[in-house]
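Have a look at the structure below before the remarks.
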Amino acid sequence: MASPRAVQLSLRKPTHAVCVVGVETLVNVYSDVPKGAKTFGVSGSSEVKIYMVYDPSRVAEPAGWAHWPLDANVDVVVVADTVSKDLYDFKVKVSYFESQEAAALAHSVLYLTAVDVSLDVDTGRTGKVKKGSGDKKTWRWGPGGSGAILLVNCDRDIHGSREDLHANHLKSLEDLQDMSPMVLSCGGPDELFESHKLVLKASLSDSRRLKVFCARGGTSLSNYKQVLGPRHSSYEVERHSGERAIQFYVEGLAFPDASFSGLLSLSVSLVDTRPLSEVSVFTDSVTFRVAPWIMTPNTQPPLELYVCSVTDIHGRNDKFLEDMSHLATKANCKLVVCPRAENRNDRWIQDELEFGYIDAPHKSFPVVFDSPRNRGLRDFALKRILGPDFGYVTREIEFAGASGLDSFGNLDVSPPVRVGNTDYPLGRILIGGSFPKPSGRRMARVVRDFLQAQQVQSPVELYSDWLSVGHVDEFLSFVPTSDQKGFRLLLASPSACLQLFQEKKEEGYGEAEQFDGLKHKAKRSINDILADKHLRRDSAHVQKCIDWNREVLKRELGLSESDIVDIPQLFFLKGAYAEAFFPDMVNMVVLGKYLGIPKPFGPLINGRCCLEEKVRSLLEPLGLRCVFIDDFLFYHQLLGEIHCGTNVRRKPFTFKWWNSVP
């Protein structure tokens, strides 16, 4: 806590000073003491509270009208509890005595003008500004925490423009809802502000990451003036006669990142302009934290399902779009089809973007994270998704192109988990990389740094560089369940698939064929698959890679074996990297209890696909509904599946991120 401002007294003439309502002022009774004085007494106006600060081990509080000793280091602190009506209308008098019974040797007089200067924000996180609510300079996490929250104003309230944060003037009154309110109290005699000014400031680094707009009433956009921002780090406040409070609105310009913690501070100073060198009388400060970008896991209810309309040598993917429409209808989810004119025949919408959201007590809205992949869908998020109350953020890779691991099929998030004594109420981000290999492909540092800096979904890096495409969604998924755990982790499992095929062989179905029903793929019997030494060798290698991730996931997400479901799946090696042997079933789209699963075209046993039946037996007892969809020609043959070719915007968490403790 800062020391109170000190005022020096004089026996020769009255002292005049300015104080702030509710703020302590130290009156220095030792600066000019009459000769022979040994004690002193203090009196003052009724509007001024007088406090004596002393060490009880050195001096006792005098009784009645007795005086205080001058040799006991007793401090006098005064606090005005109301605003002055006129200049210097409050009085404090200090009288000095030689003894308790003697008349006063001399008097010092202090005349005070009390002003109300306070910078206030929503430190209580209620959505409303409350004056003088606790420590405004310190931002604290947790349910009992405090501190204001700032949204990055990354949506677009006016069609045809860029994100609102790029504008130097207010473009719509609706845009104020995306900003955090801030109130400057400035009550006091108008005459005082002829010799004093109020200065609103941010540091140079902070001013590059926020903007402040001053509101002057009315409904015209011209009533809102930008006063702080990248070009202006200080602003001399224009206080009107009789004005007691001024409304401001603050917007964020940047998300937390490697070089930015997310904390931003603003201060207001009452400055005395009479001296040759201006003197600050009082400063009040507030601190904001920029709201992080938050991902939503498969366990959150779906709101919109995105899919692309494309054409290739097999024609148009109309049947797949129809299947997606039926699935979305079952899940009561809106279907959004991105036309070919907007996707440039790029079908991999999962790789292009990731839906998340930002949240503050006064406002929340979805924000799409556009990957640095920049292929046919590169303009879709910016041109078609960005809009009113729908934000946009991206990260670009400088001096190099994006690798396959920079696509957002390589970005996922777990449901909420508890690991030991640590809670992750918003889950943990999962990305794929090359570890434990000494070298290989990794997600670009600029993306990893961004994800890490959000703090509330502490990322875990998995091993995905064993795959040709290299994405985590090729070997894992999460599904919601209605039991106490609330979810299961699905892992692709070559061992489970080979075991299933062995069981079917022993039951007498060894001649049943994989890829039955496909015109464009040679069939292979169960016997042939089980006898394929190369496929078995590849399966053993892939299983080791998945098992390595299994242990990491168990450790980092606090999972037990009962939380994991092994989904039968075979892979083969092409060079040093693995690809799915048949449509990869864990690469599914999850819409509540409805799962859109790539149809595996497995061996038919009594007219039913044994792979589908196995997956149903694993998942449907958990309350899930398996819908198998043919994606073979348009997706699987191009090394992707349903999850790669779809994207889902989900309902935000009800849990408030500021109640977490990273």
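Just so you know, the numbers here start at 1 and follow the chain as drawn.
Even glycines carry a Cβ here, placed using N, Cα and C.
Per Swiss-Prot, the feature Ca(2+) 1 binding site maps to Asn153, Asp155, Asp157, Asp164, Asp175, Asp178. Long-range neighbours of Asp157 (Ca(2+) 1 binding site) (same chain, six or more residues apart, CB within less than 8 Å of its CB): Asp164, Lys171, Ser172, Glu174, Asp175, Asp178, Pro388, Asp389.
Per Swiss-Prot, Ca(2+) 2 binding site is recorded for Asp155, Asp157, Asp178, Lys363. Take the CB of Asp178 (Ca(2+) 1 binding site) and look out to 10 A: across all protein chains shown you find 25 other CB atoms.
Secondary structure at Gln350 (Ca(2+) 4 binding site), as computed by DSSP, is helix. Shown in sequence order, Ser407, Phe408, Gly409, Asp473, His643, Cys644, Gly645, Thr646, Asn647 are the residues of the chain, 6+ apart in sequence, with a C-beta less than 8 angstroms from the C-beta of Gln350 (Ca(2+) 4 binding site). The Ca(2+) 4 binding site annotation in Swiss-Prot covers Gln350, Phe408, Leu411.
For Glu352, Asp370, Ser371, Asn374, the entry in Swiss-Prot reads Ca(2+) 3 binding site. In sequence order, Ala402 are the residues near Asn374 (Ca(2+) 3 binding site), counting only same-chain partners six or more apart with C-beta under 8 A. DSSP assigns Asn374 (Ca(2+) 3 binding site) to coil in the three-state reduction, placing it in neither a helix nor a strand.
When Cβ atoms from all protein chains are considered, those within 10 Å of Cys644 (active site, nucleophile) total 28, not counting its own. Sequence annotations record features per position, and here Swiss-Prot assigns active site, nucleophile to Cys644 based on similarity to another entry.
Taking every protein chain shown into account, Asp155, Asp175, Glu352, Asp370 are the binding-site residues, and of these the Cβ with the most other Cβ atoms within 10 Å belongs to Glu352. There are 27 other Cβ atoms within 10 Å of the Cβ belonging to Ser371 (Ca(2+) 3 binding site). Of all the binding-site residues listed here (Asn153, Asp155, Lys363), Asp155 has the Cα closest to the Cα of Ser371 (Ca(2+) 3 binding site). Within 10 Å of the Cβ of Lys363 (Ca(2+) 2 binding site) there are 18 other Cβ atoms, across all protein chains. Same-chain residues with CB within 8 A of the center of the Glu352, Asp370, Ser371, Asn374 CB atoms, the Ca(2+) 3 site residues themselves not counted, are Asp351, Leu353, Pro372, Arg373, Arg375, Leu377, Arg378, Ala381, Thr394, Ser407, Phe408. Long-range C-beta contacts of Asn153 (Ca(2+) 1 binding site), restricted to its own chain and to partners at least six residues apart, with a cutoff below 8 Å, comprise Glu163, Asp164, Leu165, Asp175, Asp178, Met179, Lys211, Glu251, Gly252, Leu253. Taking the C-alpha positions, the distance from Leu411 (Ca(2+) 4 binding site) to Lys363 (Ca(2+) 2 binding site) comes to 26 Å. Cα of Asp370 (Ca(2+) 3 binding site) to Cα of Asp155 (Ca(2+) 1 binding site): a span of 14 Å. In this structure, the CA atom of Asp155 (Ca(2+) 1 binding site) is 12 Å away from the CA atom of Lys363 (Ca(2+) 2 binding site).
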